[in-house]
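Listed in Swiss-Prot:
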type	residues	note
BINDING	GLY32, ARG35, ARG116, ASP159, ARG162, ARG165, ARG168	ATP binding site
BINDING	GLY32, ARG35, ARG116, ASP159, ARG162, ARG165, ARG168	CTP binding site
BINDING	ASP45, ASP47	Mg(2+) binding site
Amino acid sequence: MKISTLPQEFMQAQPILEHIESAGFEAYFVGGAVRDMLLNKPIHDVDIATSAFPEEIKALFTKTVDTGIQHGTVMVLDHGDGYEITTFRTESTYTDFRRPDKVTFVRSLAEDLKRRDFTINAIAMTKDGDIIDLFDGLTDMAQKRIRAVGDAEVRFNEDALRIMRALRFSAQLGFDIAPHTKAALKQIGRNLEKIAVERIRVEFEKLLMGQYASNSLSVAIEADLIRYLPGHIKKEDWLTITADLKRNQPQARTVIWPYFLSRLSLRLNELQLFMRSWKTSREDMRAVLSIVPIVKHVQTVSVFELYAIYDYQALLFEVLTLIGTPLATQQRVKQIFDALPITHNRDMCISGGDLLANNIVTPGPQMGRILTQLEHAVIQRIISNRPDSLLEYAKELVDNEKN
């Protein structure tokens, strides 16, 4: 098979391959960029594999960076965008179930391709567009199938993260997982516990955003893989999430965790511990702690609660849509947001300095307490947000405290 017209992303990198070949080495486009081109999907990073060893690549080009030289990868910056060039290699045992104990550089493309995870990722292409498919990846693409290269159990034992990658590709592409590969998922699933949580989380987030996430999660439930994920989530919760994802999927990564935790049978005081078990970012933690309590009782949410999460309202509505909250309820929440007289405490027309300047309070806890009461009074429309009204009301509050 030959691609007659190469996408621009590959044409821009052709001079790199030509230069390597002119020195007597082999060079090919490999990996996800080739796969995505064949699937008519957007192409991201273009990777190159070569028979030249790292030091030979560095001698051929003037601008290089050792991005992963111990594994044979050198970044070449000679032609515009940087391109990662990796030497053909074979790999030894994987004691940590993630990285090979030893990498051996070789001159054979076939040896390099057979160490890869799935057949759809083990396709190479020459600079002129000739496709090299040694493991029937094209057939698997045509039949919409995720199949491991060689023995699936061996592949998953080498790198247990490939279990999550199989599920993720299935969720993104809508491909079925081949029977032998699916059986290996269940057999080797326990090795997920040996993988860094951060790496699992990245794949899991991509999975949930996939158009076919529901089908992929169903496979994970059937293979009993969910028991090896952080947080010990109940099967009933997984089934609820699977049903949600048949209708809609998160369109942005920021929605994932507020949505996900809104569907779990967790008490509010357990949210933070759960998020820590997944090693999420502080921003994700803040979003969850702000949004999930609202979602849990959205029918009775107060104006104060919505005011407190004003900056998260777009995220809140995305979560409410994902879980199928009635439109009437969402409209009521939006009306409360829209009717807020202020959206942040910085919108208040007076500050603590004004209270001090007018000799209404003295520095200390009382000032903060009065400012909070003023803020609440404005939100409830007891008073208007005007300096004269606020100062007058502040005097009343102080007098009431004295009495």
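Please read every residue number as a count from 1 along the shown chain.
Note: Cβ is positioned from N, Cα and C throughout, glycine not excepted.
Bear in mind that the values here come from a model prediction, so they are computed numbers and not experimental data.
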> Of ARG35, ARG116, ARG162, ARG165, ARG168, which of the binding-site residues has the most Cβ neighbours inside 10 Å?
Replying inline: ARG162
>> Using the alpha carbons only, what distance in Å do you get between ARG162 (ATP binding site) and ASP47 (Mg(2+) binding site) once rounded?
In response: 19
> What does DSSP call ASP45 (Mg(2+) binding site) in the simple three-state scheme?
Replying inline: coil
> Among the binding-site residues ASP45, ASP47, whose Cβ has the fewest other Cβ atoms within 10 Å?
Replying inline: ASP45
> Over all shown protein chains, what is the count of other CB atoms within 10 A of the CB belonging to ASP159 (ATP binding site)?
Replying inline: 20
>> I need the CA-to-CA distance for ARG165 (ATP binding site) versus ASP45 (Mg(2+) binding site), whole Å please.
In response: 18
> Any idea what the Cα distance is from ASP45 (Mg(2+) binding site) over to ASP159 (ATP binding site), rounded to a whole Å?
Replying inline: 22
> If you count Cβ atoms within 10 Å of the Cβ of GLY32 (ATP binding site), leaving out that atom itself, what do you get?
Replying inline: 16
> Which of these binding-site residues is closest to ASP47 (Mg(2+) binding site) if you go by CA atoms: ARG35, ARG116, ARG168?
Replying inline: ARG35
> Which state, by DSSP, holds ASP159 (ATP binding site): helix, strand or coil?
Replying inline: coil
